[in-house]
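Written out below as structure tokens is the structure these notes cover.
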Amino acid sequence: MGKDGTHARSAPDLRVQLGPLSLKNPVLTASGTFGYGQEFSDFLDLARLGAVVVKGISLEPRPGNPPPRIAETPAGMLNAIGLENVGVERFVAEKLPYLRKRNATVVVNILGNSEEEYAALAERLEDEEGIAALEVNISCPNVKEGGIAFGTDPRMAARVTEAVRRKTTRPLITKLSPNVTDIALIARAVEDAGTDIISCINTVSGMAVDVFSRRPKLANILGGLSGPAIKPVALRCVYQVVQAVSCPVIGIGGIQTALDALEFLLVGASAVQVGTASLVRPTSAVEILDGLERFLRHQGLASVREYIGTLDTSCRFPLAEETCAGDE
Amino acid sequence: MPKTQEKARLLETRRVADDTHRIVLYAPRITATARPGQFVMVRIASEGADPLLNRPFSFHRIHKDDGLFEILFRVVGRGTWLLSQRKEGSSLDVIGPLGNAFPMPEAQEEIVALAAGGIGIAPMVELGYRLADWAREKDSRQVFLFYGARTASELVPLGKLERRGIRASFSTDDGSRGSCGTVVDLMDQSVRESGLLPQRLYACGPLAMQAAVAAWAHEKDVRATMSLESVMACGIGACLGCALPAAHPDDSSRARHVHVCKEGPVFDSRKILWEKMEPTPVRPLTFVCS
């Protein structure tokens, strides 16, 4: 609160602290939905975003999966891009300098086929300027090796996290998959292995078929579901992870509006990533940021931090208190 | 050219052939830099998230002075059906102009042809007007249009295009208008009768037709420029969803992709690995609106 008690009228403080990572605001882009940032520079100022999380980078360029790679589903989309990317060398030579020039806060999403590849990527990026954090992708459902193979087994997830941890001094984010029986188990494993931050969720494994051609709608047959359709699943996962770990959490999944973003902050996410919404409306992330600020003013909050994790789960009906709080 | 997100006003909507609609949109910022061959992404849902994704449409006509452009589309699914139901005066979120444009003929090229199949006529009309102007600059220049559809009622009226000096001929699968056969049959017939082999071919249409045109052009050593389509999510090169199999210059066994929204939608036919292309599934119309 300001000295004169007029905090609601001054601009709310949007800064968030995620362990070692300081961000100017809690609105980030989600990997795979924002290219390398440059694709969006006609539509918004990259420097305004909490961070730009770039398309997942591997050691070598990857051609990705054969087409068709996209199928629309009710309030969502399935994709099986297959981690097509330019590879770390071209990223460093061509993409990163542009992001630096635009004063973007950059988070580099990394992926590999083995622990060694993840470690080598972290090492390769360690001395490059203009990287705020690494996000370890152990949750892509669309490739056979790497990706989700590491994300569904707590021991493997921990080993990849440890391998990257040993090679980087930068803030480390580990991105989790919802396609597991107990996400809290994986979350605790990567926290114990040294991750600073957990982001979740990646896409939800799904499928679509065409009844006329009798063909799957994706060449890969299975794909990852994203968009508003997955928001309740994402919210549940973030809530469970927040309960399970003590490190900060970034919420991802179906966020289209500021109110969606606030739901994730409410259950305890310290920041959010905007994904599919950017594909449909390139200005989504900054519009969500503006909406967040409006909401905080409306609620008379001086800082977004006052709102994070304030979900009230106390019993709503005092007469039913025994059953609400019951042990059974 | 900067890409813009603009709220466009739907000024006019009209059914111009079987299941085929033309809408006129007022969007001065997008129109200002639009070129033939480029496209826009149109938001279908007036509110909410269903359908979630925008739909890509090429510029059918560009009226720079009036800040308007037209799109021409065929109802092939729920998105295009909903678009066909939009009322005049309503507004739509549009992103554009996107992708690359048709290159104009090179200095030595004098005989050019447009080949359109079905709704593939959409981007060919604006290009046709530009080529008509190009042809008027020099007597030796000629522009042919080969336009085919399944049946006569699917052919879209071409307006003043023919009066501008374009030599148009038509084909239908059932012979209800023009010659009975394919666009490639029509091209063969024209070359036989006029003795003029085009030096450059512009084509747009269903996959089977495009592949046949590409093969025809390759065999006759004619440069073919194709406007291609794909299922698309963003249209701005971010999602990489609209990949097509590309011919690898060195090694055909190596997977390589081009992206319709970024490197295209206009491609030299030799850049595409035609044998790996998959047709976009089309839903029978009976089930579109149900």
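Quick reminder: no glycine exception, Cβ is built from N, Cα and C everywhere.
Note that the structure is a prediction, hence the values are computed from the model and not measured.
Annotation note: B:Arg74 (FAD binding site) sits in a strand segment as assigned by DSSP. Within 10 Å of the C-beta of B:Arg74 (FAD binding site) we count 20 further C-beta atoms, all protein chains included. Marked as FAD binding site by TrEMBL: B:Arg55, B:Pro56, B:Phe57, B:Ser58, B:Leu72, B:Phe73, B:Arg74, B:Gly79, B:Thr80.
In the three-state DSSP scheme, B:Cys234 ([2Fe-2S] cluster binding site) falls into the coil class. Neighbours of B:Cys234 ([2Fe-2S] cluster binding site), defined as other CB atoms within 10 A of its CB across all chains, total 29. Residues annotated as [2Fe-2S] cluster binding site in TrEMBL: B:Cys234, B:Cys239, B:Cys242, B:Cys261.
The domain 'FAD-binding FR-type' annotation in TrEMBL covers B:3-104. Confidence across the domain 'FAD-binding FR-type' (B:3-104), taken as the mean pLDDT and rounded to a whole number, stands at 96.
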Report, in sequence order, every one of the binding-site residues (B:Arg55, B:Thr80, B:Cys239) having a CB within less than 8 angstroms of a CB belonging to chain A; if no such residue exists, report 'none'.
B:Cys239
Quick check for the class: what is the C-alpha distance, in angstrom and rounded, between B:Phe57 (FAD binding site) and B:Cys261 ([2Fe-2S] cluster binding site)?
11
In the chain carrying B:Cys261 ([2Fe-2S] cluster binding site), residues 6 or more apart in sequence that have Cβ under 8 angstroms from it
B:Phe39, B:Pro56, B:Leu98, B:Gly99, B:Met232, B:Cys234, B:Gly235, B:Ile236, B:Gly237, B:Cys242
Please spell out the DSSP helix, strand and coil residue counts for the domain 'FAD-binding FR-type' (B:3-104).
16 helix, 47 strand, 39 coil
Across all protein chains shown, the binding-site residues B:Arg55, B:Leu72, B:Cys239 give the max Cβ-within-10 Å count at B:Cys239
B:Phe57 (FAD binding site): tally of other CB atoms within 10 A of its CB
25
How many Å lie between the Cα of B:Arg74 (FAD binding site) and the Cα of B:Cys239 ([2Fe-2S] cluster binding site)?
25
According to DSSP, does B:Cys242 ([2Fe-2S] cluster binding site) sit in a helix, a strand, or coil?
coil
